[in-house]
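According to Swiss-Prot, the [4Fe-4S] cluster binding site annotation covers C50, C53, C57, C92. Per Swiss-Prot, the feature domain '4Fe-4S Mo/W bis-MGD-type' maps to 43-106; the stated evidence is sequence analysis. The signal peptide annotation in Swiss-Prot covers 1-33, and the record cites sequence analysis as its basis.
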Amino acid sequence: MQVSRRQFFKICAGGMAGTTAAALGFAPSVALAETRQYKLLRTRETRNTCTYCSVGCGLLMYSLGDGAKNAKASIFHIEGDPDHPVNRGALCPKGAGLVDFIHSESRLKFPEYRAPGSDKWQQISWEEAFDRIAKLMKEDRDANYIAQNAEGVTVNRWLSTGMLCASASSNETGYLTQKFSRALGMLAVDNQARVUHGPTVASLAPTFGRGAMTNHWVDIKNANLVVVMGGNAAEAHPVGFRWAMEAKIHNGAKLIVIDPRFTRTAAVADYYAPIRSGTDIAFLSGVLLYLLNNEKFNREYTEAYTNASLIVREDYGFEDGLFTGYDAEKRKYDKSSWTYELDENGFAKRDTTLQHPRCVWNLLKQHVSRYTPDVVENICGTPKDAFLKVCEYIAETSAHDKTASFLYALGWTQHSVGAQNIRTMAMIQLLLGNMGMAGGGVNALRGHSNIQGLTDLGLLSQSLPGYMTLPSEKQTDLQTYLTANTPKPLLEGQVNYWGNYPKFFVSMMKAFFGDKATAENSWGFDWLPKWDKGYDVLQYFEMMKEGKVNGYICQGFNPVASFPNKNKVIGCLSKLKFLVTIDPLNTETSNFWQNHGELNEVDSSKIQTEVFRLPSTCFAEENGSIVNSGRWLQWHWKGADAPGIALTDGEILSGIFLRLRKMYAEQGGANPDQVLNMTWNYAIPHEPSSEEVAMESNGKALADITDPATGAVIVKKGQQLSSFAQLRDDGTTSCGCWIFAGSWTPEGNQMARRDNADPSGLGNTLGWAWAWPLNRRILYNRASADPQGNPWDPKRQLLKWDGTKWTGWDIPDYSAAPPGSGVGPFIMQQEGMGRLFALDKMAEGPFPEHYEPFETPLGTNPLHPNVISNPAARIFKDDAEALGKADKFPYVGTTYRLTEHFHYWTKHALLNAILQPEQFVEIGESLANKLGIAQGDTVKVSSNRGYIKAKAVVTKRIRTLKANGKDIDTIGIPIHWGYEGVAKKGFIANTLTPFVGDANTQTPEFKSFLVNVEKV
């Protein structure tokens, strides 16, 4: 019998109809007719937040397996959360590859140990790791602990072991890290902010009062002008950049870009102007001069809301590149003259007519008068007509009904003048009246997903949570310390909110030391380590080089790739007695002792460092909160267990710390009280829950808290606090981080809220997550209205006065002072004003000044040849000698990110490694033609510190600029390669970069240095 294929299936189906096979769905006709099931139907959905950049995109993670025995959950799909106000379901190429990151073959599963001189890892147990690390730390602490300094002052510090803290770990991990390190007396505590956005805090806080992004991602849509300078938002923050495009498409906004390269952001801009790397201050000072000369500023705003009218001391001055008070030997200023003339009551003298020759307004005019369009062109290489066109665009937003939003990132921060780059733009925004406005602001686009939060929590050498300062050895007792850090108003009647410093500090000490902190022992003041100088990462690696450091803990950080002068970093790590890495991934730092040929040429047998490689969980494997660039604290949930026996950072820190406590309790040693009195009273001490830690960070009442005016109880004993306004300085409140007060209230976890309603249409989704401070979305929003309370632009009205209080579409960033009261909108400042003149808050001057990069292609400073580079920037002797000169290294090198990669992480993720598999550098067409370099050639890029090899991408995107009579060519160097990961092996870009940083924060000068390039 002959049958067709179709007939055959019919016969088979009929014969199977009553069989078990048919019951299981194997009958072809049944299978063919069945509707295909939705592949996510049987999965578990978990909400999380992207671990990469600071946009803070919402995620939906899907896993199979219900967590029962033999059914371990495994995440197999991740997509954007469509309900999230910022990303609305979208993800960038990095976020699209998150599953490959979670399941990377580079994920660590077991603790491992590398013995001194060994060339291999050996697997050990957690008990062995914790016991050995605790033993090494205690031995080092007991041998090198400094209880008193040479003057006999109690300092209780430990300098010979340090800790490098993470950039993407949760706030709860960060808070535990702060307690862990300070309980041991550590001062060498630093995080990713030191090498990225440290200058943001150092510039925005002196200018406005707080060192954070002033607005938020969605608010960018309200701008009439978006200026991207010192960053490449389309590449580095693509989903956040959609809001700039939203402004263009739906608000008619113009987008302008000023950058050494024609970037992906420039590709969609309305106008692009080139600039020589490292000359932003000259360019922006020229903009200031243009605004002043053409009266393109908001006069009423400037007079009422800035310190333009305040009178500066007669002995302040500036001449030939230096402000008054400079000490060339110390490379520091005596800043005593950088302040106001005071009246008999201690308030600043003022001339509201702006006629006094010593008022800030006239000193500013005098200072920027040198930055004419011709001077800008000569220094920056920007054609004069292009510069003036940018000025015109910016000047238009001085109108009351227009705003400009300025977006910047590491292109501004990673210079030896990084903080002053940002301050110059902040001054422009004050003149334009764009601060506090919807669609305005100075918007720092943070690089890492929680670098904002970890900075908020004070994981820096001289910091404490909430931007408080760790005591110095000059502050010998609590009262001296509080007096030094509690400012007095400089104008009558101002809020001066830092005047509440004692409440913030005492409440933090109660969170740290609990019942052990009492008024009698000054709330445990002497248990905090006291610093003599900053122990930032550049300082600390210099100490390593000198043999003064024995131990180092790297938590979620890869300094071999991330720090300047890779060869110096390798040499420093080789001098340690022990190194502990805590990371989900295998990193170059954990393997610094391995020989990888010219990528890392070392002799393992000569490196005597004991190395511990401890596997930690990643973002998808723990609960917790992180803070995006817009200050939103967003809670995320665990979607799966970590591979192998990896632990959370909190469990790892607890494992080490609890062993140290046990040893100090049983054996004694150097200042056991400092270690034993730190609270660690979690329900499961070796496994603190994120929820417990978040509640501790928020704070609670330790006794009934009463209203000072009425005596009524406003918070009952044991209850969570709802606001930092409830904090007290008498020990009756506990709060680990005062700016996070309100994040976990009696009503529950505010960070987990998911109401994305936006009734104003301005993007202020007050019911989504929680923003510090007190859920305010736009900082300084009282400045959105004039002194009488009328909005500058009714379409952007944020606040209104209802007769008794301020209300509106945002939480008022202000007191209850009524319109016309004269209380300024910058409530953290002593004057209540934004500062055009920064007083003594900046290292190199109260006004910004153009200084050349330490490796300048010009060899001089056209403004003042005797003061070429930042005179207040610190540089060590050997690093100064390692600086290159333009005769041997004639081109400007600058490093940057690609949209397909995230720093040194995504080379471990297969999808991203496929998208950008091979290391390359960008060379302008004219230079390539001159050097005989063609597309795809292998080239060697060298500085005075080392070299890398990469493929050449010859491009029109980088042009030759003319500055001070010289042709200036730039070499673009993406940073993402190394000798670990699934991507093709490559050189570490920071082999090339100089070991010098911003004068205020020591953030390295990655964006402008000298190189040579040659065809291999």
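Just so you know, the numbers here start at 1 and follow the chain as drawn.
Every residue gets a Cβ built from N, Cα and C, even glycine.
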For the recorded [4Fe-4S] cluster site formed by C50, C53, C57, C92, which further same-chain residues have Cβ atoms within 8 Å of the site's Cβ center?
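Once C50, C53, C57, C92 are set aside, the remaining close residues are Y52, V55, G56, N87, L91, K94, G95, H237, P238, V239, G240, S449.
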Please give me the CB contact count at 10 A for C57 ([4Fe-4S] cluster binding site), counting all chains in the structure.
28
Ranking the binding-site residues C50, C53, C92 by other Cβ atoms within 10 Å, which is at the bottom?
C92
Going by DSSP assignments with H, G and I as helix and E and B as strand, what are the residue counts for the domain '4Fe-4S Mo/W bis-MGD-type' (43-106)?
9 helix, 20 strand, 35 coil
